[in-house]
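For reference, the structure is listed below as structure tokens.
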Amino acid sequence: MPTFDQALRKAGEFGRFQRRVFLLLCLTGVTFAFLFVGVVFLGSQPDYYWCRGPRATALAERCAWSPEEEWNLTTPELHVPAERRGQGHCHRYLLEATNTSSELSCDPLTAFPNRSAPLVPCSGDWRYVETHSTIVSQFDLVCGNAWMLDLTQAILNLGFLAGAFTLGYAADRYGRLIIYLISCFGVGVTGVVVAFAPNFSVFVIFRFLQGVFGKGAWMTCFVIVTEIVGSKQRRIVGIVIQMFFTLGIIILPGIAYFTPSWQGIQLAISLPSFLFLLYYWVVPESPRWLITRKQGEKALQILRRVAKCNGKHLSSNYSEITVTDEEVSNPSCLDLVRTPQMRKCTLILMFAWFTSAVVYQGLVMRLGLIGGNLYIDFFISGLVELPGALLILLTIERLGRRLPFAASNIVAGVSCLVTAFLPEGIPWLRTTVATLGRLGITMAFEIVYLVNSELYPTTLRNFGVSLCSGLCDFGGIIAPFLLFRLAAIWLELPLIIFGILASVCGGLVMLLPETKGIALPETVEDVEKLGSSQLHQCGRKKKTQVSTSDV
């Protein structure tokens, strides 16, 4: 009986059918990028803000001051002596201590005659001047509540982490397609609730749930794409689907710029997921997964459908297909570390995911500290990632997976270390080297997806990729705290940590087996054979070269 890979070659490894499914599923990458980095625009800081006391409110209304006039006249930051500054927007004058109303004049010169009046912490009645409304002004996430803005992104990453465990497991047990569709529906529903959340608690709860479903949709669509094409095409689809993630980063600033409210941005992030439910009629279940669940006849039906769309025909020799003899079992964490090769791959990949997330998000946030136009800066940061994908496509088939994977991490690490010690007087050089580091870690981030899916067997692929990428979500949770806490000690200290992490990761990934041109492993035994089979192949090649030279 033919194997699945033999039948797939006969039906077409990347024909019209696969290209159509691939392009449709790539759109999931665009919407996932919206969700992943959307907080930059959902929670952008207002142009300026301050708080009112009861008497200041009455005075501003009686005098009909514009927001700018009220800001200039009543904000302590603009008037307190230098030694008292820093309390700024988070404090107000205690005008209630003034008993005579005659002192509170509408004349700008006499409205606040005593600038030494006591300052007290703001307790509410915030005023904002902003171009677009954000969750900062919606839920008063300023001053003492500013940490709650960081919480919204941490909660989203916790949702990603929960989704990696729960929906990754479910996709390996119940099927790729059904979990993908459920996840897309969940992203849409929870996203709409987030947009109309009546309070911050509801916002956070449903943002967590949107993270759960968002991760499920992204990881499952990635696995489906890599399982329906041949081994030679996996490197292309694995990289191009992430180029659509970059496309989402490039598009998002335009959506945010022309959308006047954060609710509109949130709906733009969420509503497209409902359209993916239409994929039920055009995207098949993964035939590789069906084979592992001993459903060879259903897998053959899908392959016949693939062959017909690709203009090919499966002969009578393909009336049956080889089904794995391995007993079907539900995946568990122990399966990822039970055998030596699986254990080595799992630990290294977990570290690679963690490093990619910490360094990538850290460098993105660090570039944002330089100021400038938020929309333009974010757009340019997306453009920087495109050459990374092109470099991967040019090198990954010629050089294999390991060398570009290691080199991109090392380039990122060295760039971070060099940037940390460059003098401040040459900003163009610092920016150039930092951009090189961003390019390197972007390449590493994209390659780890591909390598992770190629190193796990079909029975564990979705669960394994989801679990390992959970370390990415953990890295995303701690990255902002790592950046800002260490920067408070020394501004360049985070870069040194990033550089060490990336450099160590570059060395470790060289210990992984090469997967260039190798069929996707179906069982754990196939993974265990990867390292030894490559050694044997290398030995045979050397013997052949010696015998040829003798002739």
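Even glycines carry a Cβ here, placed using N, Cα and C.
The model shown is predicted, which means the values in this text are computed figures rather than measured ones.
These come from TrEMBL:
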type	residues	note
TRANSMEM	21-42	transmembrane segment
DOMAIN	94-517	domain 'Major facilitator superfamily (MFS) profile'
TRANSMEM	151-170	transmembrane segment
TRANSMEM	177-197	transmembrane segment
TRANSMEM	203-225	transmembrane segment
TRANSMEM	237-258	transmembrane segment
TRANSMEM	264-283	transmembrane segment
TRANSMEM	345-363	transmembrane segment
TRANSMEM	375-396	transmembrane segment
TRANSMEM	403-422	transmembrane segment
TRANSMEM	428-451	transmembrane segment
TRANSMEM	463-483	transmembrane segment
TRANSMEM	489-512	transmembrane segment
Cβ under 8 Å, sequence separation of at least 6 from the ends of the transmembrane segment (489-512): give me the contacting residues as numbers and ranges. 344-345, 348-349, 351-352, 355-356, 358-359, 362-363, 366, 401-402, 405-410, 412-417, 419-421, 437, 440-441, 444, 451, 455, 482-483
Is the transmembrane segment (345-363) close to the transmembrane segment (151-170), in the sense of at least 3 CB pairs under 8 angstroms with a sequence gap of 6 or more? no
Any contact, the transmembrane segment (375-396) to the transmembrane segment (403-422), with at least 3 Cβ pairs under 8 A: yes
Under 8 Å Cβ-Cβ from the transmembrane segment (403-422), and at least six residues away from its ends along the same chain, one finds 352, 355, 359, 363, 388, 391-392, 395-396, 429-430, 433-434, 436-441, 443-444, 447-448, 451, 492-493, 495-496, 498-507, 509-510, 512
Could you tell me whether the transmembrane segment (21-42) and the transmembrane segment (345-363) have 3+ CB pairs under 8 A, leaving out pairs under 6 positions apart? no
